[in-house]
Amino acid sequence: MRQSSENSQNLYLYNTATRTKELFSASNAPVKLYTCGPTVYDYAHIGNFRTYVFEDLLKRTLLFFGYSVKHIMNITDVDDKTLAGACRKNISLEEYTAPFIQAFFEDIAELNILPADVYPHATHYIPQMIKAIQKLLDENIAYIGQDSSVYFSIKKFPTYGKLSQLKLQDLQCCSRVTSDEYDKENLSDFVLWKAYDEQRDGHIYWESPFGKGRPGWHLECSIMAMELLGSSIDIHAGGVDNIFPHHENEIAQSESLSHKPFSRYWLHSEHLLVDGKKMSKSLGNFFTLRNLLDRGFSGEEIRYLLLQSHYRMQLNFTEEGLLACRQALKRLRDFISRLENPYPESTTISDEIDQQGKTFLKAFSDSIANDLNIAAALAALFDFIHQTNSFIDKSKFTQADANYILDLLKKINTVLGILQFSATQEIPDEVMQLVEKREVARREKNWAQADAFRDQVASLGYLIEDSKSGPKVKKL
């Protein structure tokens, strides 16, 4: 179900659960979207932001096609890493994570990522997690191990492995695993409640019927999603590294608790590489957003780089790529600046511009409707820019044409989030008078004087661009 929209059309998304591209349909309005948020033990790195920008594109596309969206993104403020950091500094978990939470919100604003409706903190849902664990214990789906931690018995969930396409009966399972993160070779019963260890956990723990401790990472997302979106959601998204074990374990827990399908669609973005290699602090190719901003790149340029490739393709992050994005954005800014100049007034849009605009909007919409094919959408945009620039150069371009194209660009920017538009540009009278004097000199073929007026305009911070429809003025 969706709200009425002139952009309504079929949207196809690749569902990791079925390994196929499927027609998207929401169960009810609004679309229930849950995305895995940051683990706030450190500053988020650009690999994280590749996933967050993909999720932003997904959300913006849903909105573009007329869907209302309820978006939940969790804040993991208790796990192995956050707890270790707080204990190392001998401060509370809240004190340790607060700066990184604040930095995360600053970073997503820098990247023009639309905010979620709710950012639940895992530590705010501990009572609900304890209640869920008790239910799983009561139903013999979970058990208390010899180490006093509570574990989920994956053999009690016959379809375990369906998301990551693991066949439980074909695998040698370890007895259990307490770490939040592990690989398929260590497939095992996973921890729901990690028993308190004073040497490891210091002063950080919660009381529960099964003893002191803290919840497992996988349970946190299940409970926050179900508490805020209900037992069944429409879309769950994250990075490919979340498929196993995190999302696999979420399904097992959630469906054991509700006896309903947890999520109808699962979407995952591919890895980000740096100079063709996996990002690693030891290789010196580990970047936070702040590292790149300090090196002179803008949030807009970084967003463009993270956005421009299809989300299911690995993205190779290079400085050369960022510089290329800078040039692409300059081309976009120059085009918008050209459109924002004054043109001869007209009440009608030219037939050619009208047709080009409709063709472009269809190509753009069809591209993003095809599993968020942003590369094809951007190609359509640059083709349209080329066509429009050619039309402006050779034809009588009017204010109605310019306004029509600017409206189109503003519409597609609700998806892209990379274009910047000026308020109505006010060219100072002094500049416009010099432009008029230059035109008089040009008509009189007094080229030296015309060049002098052009230089005076430049000294005031403006550039004159000559076209068949007359001179255009833009700020340098």
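Any Cβ shown, glycine's included, is placed from N, Cα and C.
Taken from Swiss-Prot as is:
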type    : residues                      : note
BINDING : CYS36, CYS221, HIS246, GLU250 : Zn(2+) binding site
MOTIF   : 38-48                         : motif ''HIGH' region'
MOTIF   : 278-282                       : motif ''KMSKS' region'
BINDING : LYS281                        : ATP binding site
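Here the features listed in Swiss-Prot are placed on the structure.
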residue: CYS36; record: Zn(2+) binding site; DSSP (3 states): coil
residue: CYS221; record: Zn(2+) binding site; DSSP (3 states): helix
residue: HIS246; record: Zn(2+) binding site; DSSP (3 states): helix
Cβ-centroid neighbourhood (8 Å) of the Zn(2+) site, CYS36, CYS221, HIS246, GLU250 excluded: ASN74, TRP217, HIS218, GLU220, SER222, HIS236, GLY238, ASN242, HIS247, ASN249
Residue among binding-site residues CYS36, CYS221 with least C-beta crowding, 10 angstrom cut-off: CYS36
Lowest local Cβ density (other Cβ within 10 Å) among binding-site residues: HIS246, GLU250: HIS246
